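Annotation comment: Swiss-Prot describes 33-53, 77-98, 113-133, 178-198, 226-246, 288-308, 320-340, 347-367 as transmembrane segment. For His83, His182, the entry in Swiss-Prot reads heme b b562 binding site, with the evidence type similarity to another entry. As annotated by Swiss-Prot, heme b b566 binding site applies to His97, His196. The ubiquinone binding site feature in Swiss-Prot is assigned to His201; the stated evidence is similarity to another entry.
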Amino acid sequence: MTNIRKTHPLLKIVNHSLIDLPAPSNISAWWNFGSLLGLCLMIQILTGLFLAMHYTSDTATAFSSVTHICRDVNYGWLIRYLHANGASMFFICLYMHVGRGIYYGSYTYLETWNIGIILLFAVMATAFMGYVLPWGQMSFWGATVITNLLSAIPYIGTTLVEWIWGGFSVDKATLTRFFAFHFILPFIIAALVMIHLLFLHETGSNNPSGIPSDSDKIPFHPYYTIKDVLGFLMLILLLMLLVLFSPDLLGDPDNYTPANPLNTPPHIKPEWYFLFAYAILRSIPNKLGGVLALVMSILILAIIPFLHMSKQRSMMFRPISQVLFWILVADLLTLTWIGGQPVEHPFITIGQVASILYFSIILILMPLASLIENKILKW
């Protein structure tokens with residue numbers, strides 16, 4: 001008799017995705033981040049669901065409802081901080097996952113890559129709207145500043161901003177709709193993840209060498225299931241260290257002050273995972289130019305596959321590209337630091353240099369390095 005997992009219509013899908021899936025024998029720990037992102041999404045949906053049971057999306061009660069969750073709900077503080085720091089873990093895994101894709105040339109799977117970019121935008125939108133919900137000072141002013149960027153769009157800008165706000169400023173209507181979108185988006189993300197995996201399983205996984213591995217496959221279970229579980233344990237350990245020892249390490253103290261439209265905080269800044277993009281936005285003196293640079297800082301990922309000039313897929317055997325890649329990583333860390341600094345000398349100049357370097361590496365230097373490496377191969 002054939003095993004039920006191979007015949008049952010539903011179990012068959014699970015079997016082909018998680019059990020009998022042929023996987024390359026040499027994929028490293030950098031391939032763990034996909035499953036870690038799945039774990040993060042599940043943690044966020046579960047903790048978010050329990051938070052939504054106690055949260056009220058009204059300007060008069062939003063802040064106090066979050067306080068109530070932390071003080072009066074059984075383990076409410078734990079759920080709240082798991083959700084807040086879970087978002088940070090989510091973005092750490094996201095950036096590692098994207099970095100892995102760039103380093104090992106995984107972007108040549110165009111459909112998977114493009115769905116991934118849409119996923120990145122969706123997660124960023126969800127995180128932004130979630131940050132507004134506690135209705136602290138940084139929530140309110142962050143929402144005001146970021147939504148206001150849309151007013152830079154010619155002709156329809158102002159109308160568009162007021163349409164999103166549901167009024168003439170960030171108020172009740174804005175908070176209610178942000179809560180609605182923040183609730184629905186993770187489920188849309190989960191659906192997109194399924195499409196992401198569908199396209200991935202059309203081609204199979206890439207591997208560190210970038211060379212087709214059809215001749216050397218191993219079953220996903222038990223080899224990579226056990227490897228993923230190790231990753232899960234490490235992620236949960238790191239998350240628990242954050243939540244139980246310093247839950248506010250990555251947050252902003254200003255958000256413990258209730259939102260006040262009459263009092264602007266001295267430094268308005270987003271959560272740490274948006275700081276690199278915020279630094280790029282601020283480094284351009286023109287409003288529309290800044291907004292375009294902000295969008296392009298993420299959308300540039302869609303151009304990367306078309307700038308792939310190398311005869312090799314992976315960077316494993318491409319030393320010049322490797323150096324450029326790690327300079328890019330250092331540059332992103334620099335931008336993250338600058339995004340959190342006040343707008344004054346020397347931070348303005350450092351931010352502008354780092355922004356130019358970011359676009360130069362991706363658009364000019366990496367393709368050039370690939371062409372040089374192709375030449376070296378011929379010698």
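Using the three backbone atoms N, Cα and C, a Cβ is placed for every residue, glycine included.
Projection of Swiss-Prot feature records onto the structure.
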residue	record	Cβ within 10 Å
His83	heme b b562 binding site	21
His97	heme b b566 binding site	20
His182	heme b b562 binding site	21
His196	heme b b566 binding site	21
His201	ubiquinone binding site	14
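Counting Cβ pairs closer than 8 Å and at least 6 residues apart in sequence, the transmembrane segment (77-98) and the transmembrane segment (226-246) reach three or more and so form a contact. Residues 69, 79-80, 82-83, 86-87, 89-90, 93-94, 96-97, 100, 182-183, 186-187, 189-190, 193, 228, 231-232, 235, 239 of the same chain lie 6 or more positions beyond the ends of the transmembrane segment (33-53) yet place their CB under 8 Å from a CB of it.
Counting residues 6+ beyond its ends, the transmembrane segment (178-198) has Cβ neighbours under 8 Å at 17, 37-38, 41, 44-45, 48, 52, 55, 57, 112, 115-116, 118-119, 122-123, 125-126, 129-130, 132-133, 143 in the same chain. Listed by sequence, the residues of this chain that lie at least six past the ends of the transmembrane segment (113-133) yet keep a Cβ under 8 A from its Cβ atoms are 55, 57, 62, 66, 87, 90-91, 94, 97-98, 101, 106-107, 139-140, 142-143, 146, 174-175, 178-179, 181-182, 185-186, 188-189, 192-193, 195-196, 199, 270-271, 273-274, 298-299, 301-302, 305. Away from its own ends, the transmembrane segment (226-246) comes close to residues 29, 32-33, 35-36, 39-40, 43, 78, 81-82, 85-86, 88-89, 93 of its chain (Cβ-Cβ under 8 Å, at least six residues beyond either end). Cα to Cα, His201 (ubiquinone binding site) and His97 (heme b b566 binding site) are separated by 17 Å. His182 (heme b b562 binding site) sits 21 Å from His196 (heme b b566 binding site), counting Cα to Cα.
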